[in-house]
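What Swiss-Prot says about this protein:
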| type | residues | note |
| --- | --- | --- |
| ACT_SITE | HIS482 | active site, charge relay system |
| ACT_SITE | ASP536 | active site, charge relay system |
| ACT_SITE | SER638 | active site, charge relay system |
| DISULFID | CYS71-CYS89 | disulfide bond |
| DISULFID | CYS141-CYS153 | disulfide bond |
| DISULFID | CYS149-CYS162 | disulfide bond |
| DISULFID | CYS164-CYS177 | disulfide bond |
| DISULFID | CYS181-CYS208 | disulfide bond |
| DISULFID | CYS240-CYS257 | disulfide bond |
| DISULFID | CYS300-CYS347 | disulfide bond |
| DISULFID | CYS327-CYS360 | disulfide bond |
| DISULFID | CYS365-CYS410 | disulfide bond |
| DISULFID | CYS392-CYS428 | disulfide bond |
| DISULFID | CYS602-CYS625 | disulfide bond |
| DISULFID | CYS634-CYS666 | disulfide bond |
| DOMAIN | 22-136 | domain 'CUB 1' |
| DOMAIN | 137-178 | domain 'EGF-like' |
| DOMAIN | 181-296 | domain 'CUB 2' |
| DOMAIN | 298-362 | domain 'Sushi 1' |
| DOMAIN | 363-430 | domain 'Sushi 2' |
| DOMAIN | 445-687 | domain 'Peptidase S1' |
| CARBOHYD | ASN180 | N-linked glycosylation site |
| CARBOHYD | ASN413 | N-linked glycosylation site |
| MOD_RES | ASN155 | (3R)-3-hydroxyasparagine |
| SIGNAL | 1-21 | signal peptide |
Amino acid sequence: MGKSSEAWCIVLFSVFASFSAEPTMHGEILSPNYPQAYPNEMEKTWDIEVPEGFGVRLYFTHLDMELSENCEYDSVQIISGGVEEGRLCGQRTSKNANSPIVEEFQIPYNKLQVIFRSDFSNEERFTGFAAYYAAIDVNECTDFTDVPCSHFCNNFIGGYFCSCPPEYFLHDDMRNCGVNCSGNVFTALIGEISSPNYPNPYPENSRCEYQILLEEGFQVVVTIQREDFDVEPADSQGNCQDSLLFAAKNRQFGPFCGNGFPGPLTIETHSNTLDIVFQTDLTEQKKGWKLRYHGDPIPCPKEITANSVWAPEKAKYVFKDVVKISCVDGFEAVEGNVGSTFFYSTCQSNGQWSNSRLRCQPVDCGIPEPIQNGKVDDPENTLFGSVIHYSCEEPYYYMEHAEHGGEYRCAANGSWVNDELGIELPKCVPVCGVPTEPFRIQQRIFGGFPAKIQSFPWQVFFEFPRAGGALIGEHWVLTAAHVVEGNSDPSMYVGSTSVRMENLANVQKLTTDRVIIHPGWKPGDDLSTRTNFDNDIALVRLKDPVKMGPTVSPICLPGTSSEYEPSEGDLGLISGWGRTERRNIVIQLRGAKLPVTSLEKCRQVKEENPKARADDYVFTSNMICAGEKGVDSCQGDSGGAFALPVPNVRDPKFYVAGLVSWGKKCGTYGIYTKVKNYKDWILQTMQENSVPSQD
């Protein structure tokens, strides 16, 4: 029967209702006014809920509603989880004579909605429906399209639980199983690691973490055969679903996936620790992977310093290797203030050498030592191979053994070395016998001509008693024995023409260290009565060295050849501050030239001393007679040098042939100690007493 359009104009009432209740195990749902006719234009909803873990069985025992296509007019609708499970209208009867149920629904969820709707008019009287619901057990393991458990599903009334095979564990979501494959630490220097169950399929939904931890100084090296790797391949975007990853400190290798290992077959990690992470998802498990690893000693660079030699020599040095590093000649390793020609170094766990701060650097010989009376050129540097030159203060000093030269080279042992002298420093010795100004005036000293000290730079002035001496070295004065007899500390000066006190204050005063009289000298006689002046010679050793210059320089000692034997007629020089024919006291230095004559001339001189007889005087081969009438030395000149020219020398140079000793009468012939006869004694005495006292 069709619907009248006029019926839309009469609206009796419209009811919308919704009912819900706490979860129950069963219940009844009846259409409004059941079993009477249900009202028009009404909508009513029942929210059915049974306890968790149960489904709902909904069945109708009576259904009498207006029939329409697709139940468009009146209907009862069943909805679960937003999905329509059914829509009913019309009349239904039981298909089973033994059961009153005309329609039945089993919902695997614990909630559903029942919605009753009626339109604005019914041309017949319809009584509606009667329905009942009850909680039913649901088999979650089989009743759902989505499997609730990754492995084993176990159903029970009101619920289910998941379980796992042996060696698996249940994740926190209580549904998925994984493998206990983390926490393994490998410390052996060689080993093998594989995925769980290899070569059988690895577990799904797992994260396996392994760690290789080797002793510091070794790096982990991993090797994999391509055929030993089969992991679920990457997706279309290139992302690995299952993956193998290596992480070593700040380096990462991977992730890797696919059939056949896609990475390098040998991985050098440069680290003693390696983390291995294997991660899988829920789909497509393959056979997995197998790898081998070993510890390779960390290498150290072959050269840590130039100019060195290593022992032992090897192509490669690795952790714990020890080498002796020897610097090549001329180089040394310096630490602090200490230098060494070698040191030891150990390859450390970090791939660095111990003692790497040390370097083989050129040996530094340091600032050259100064020398007395000389100087050394300032070198550009003082390192190995550098050359320096020593020189003496010319013209007053010369270099002893000059044939060896003054060149020194910085040697490998850190010393300045001369080719001939080795490490011995050159010695600057005074130039002897060379006056700054030649004495040109031929004049007798007795009442003679004034002279400059530059003409007799070897002249020594003895203050008391007034006498003379000859400087023969930096530490030695030669004089007559009778001058220093009884006087162990004579006062002496050098370098002054005048012996006024104000002049002496500005020149070098010599300090006596020791007086050594010739052992053949006969001591004790009074000079006024002495007639034996044999061996009248003495040495005075000085405490401090004499500084040579234009007014001070030594006279040479005689040589040993016959050329140094004074002969009659040889002209020699004498100087001093002795008495003249006019003055007993002389202030300015005077000098003269005297010829050598025979001892007989001296014997024939008439004796003026009333206390001595002429026949008592002793004449020996240790004496020289020199002078001529009116030209002689006198009191105050004793001990001074009688200087003869050095034979066979172009430039003027003098040696001490004699020392003023004695004479019978001033202004005539005088006796001089013959120095040549005492040459050996002089040298031996100087050698045996070569180190002056420093007191």
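Going from the start of the chain as shown, residues are counted 1 onward.
The backbone N, Cα and C atoms fix where each Cβ goes, glycine too.
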Query = What counts of helix, strand and coil residues does DSSP assign across the domain 'Sushi 2' (363-430)?
reply = 3 helix, 25 strand, 40 coil
Query = Counting every protein chain present, what is the number of Cβ atoms, excluding its own, within 10 Å of the Cβ of CYS181 (disulfide bond)?
reply = 18
Query = Under 8 Å Cβ-Cβ from CYS300 (disulfide bond), six or more apart in the same chain: what's there?
reply = TYR317, VAL318, PHE319, ASP321, CYS347, GLN348, GLY351, GLN352, TRP353
Message = Taking only the residues in the domain 'Peptidase S1' (445-687), give me the average pLDDT of this model.
response = 88
Query = According to DSSP, how is the domain 'CUB 2' (181-296) divided among helix, strand and coil residues?
reply = 3 helix, 59 strand, 54 coil
Note = Cβ neighbour count within 10 Å, max among the disulfide-bonded residues CYS164, CYS208, goes to CYS208
Ask   = How many other Cβ atoms sit within 10 Å of the Cβ of ASN180 (N-linked glycosylation site)?
value = 13
Query = What are the non-local neighbours of CYS149 (disulfide bond), defined as same-chain residues 6+ apart in sequence with CB under 8 A from its CB?
reply = CYS141, TYR160, CYS162, SER163, ARG175, ASN176, CYS177
Inquiry  = Can you tell me whether DSSP puts CYS149 (disulfide bond) in helix, strand or coil?
reply    = coil
Note = Judged by other C-beta atoms within 10 Å of its C-beta, the most isolated of the recorded positions ASN155, ASN413 is ASN413
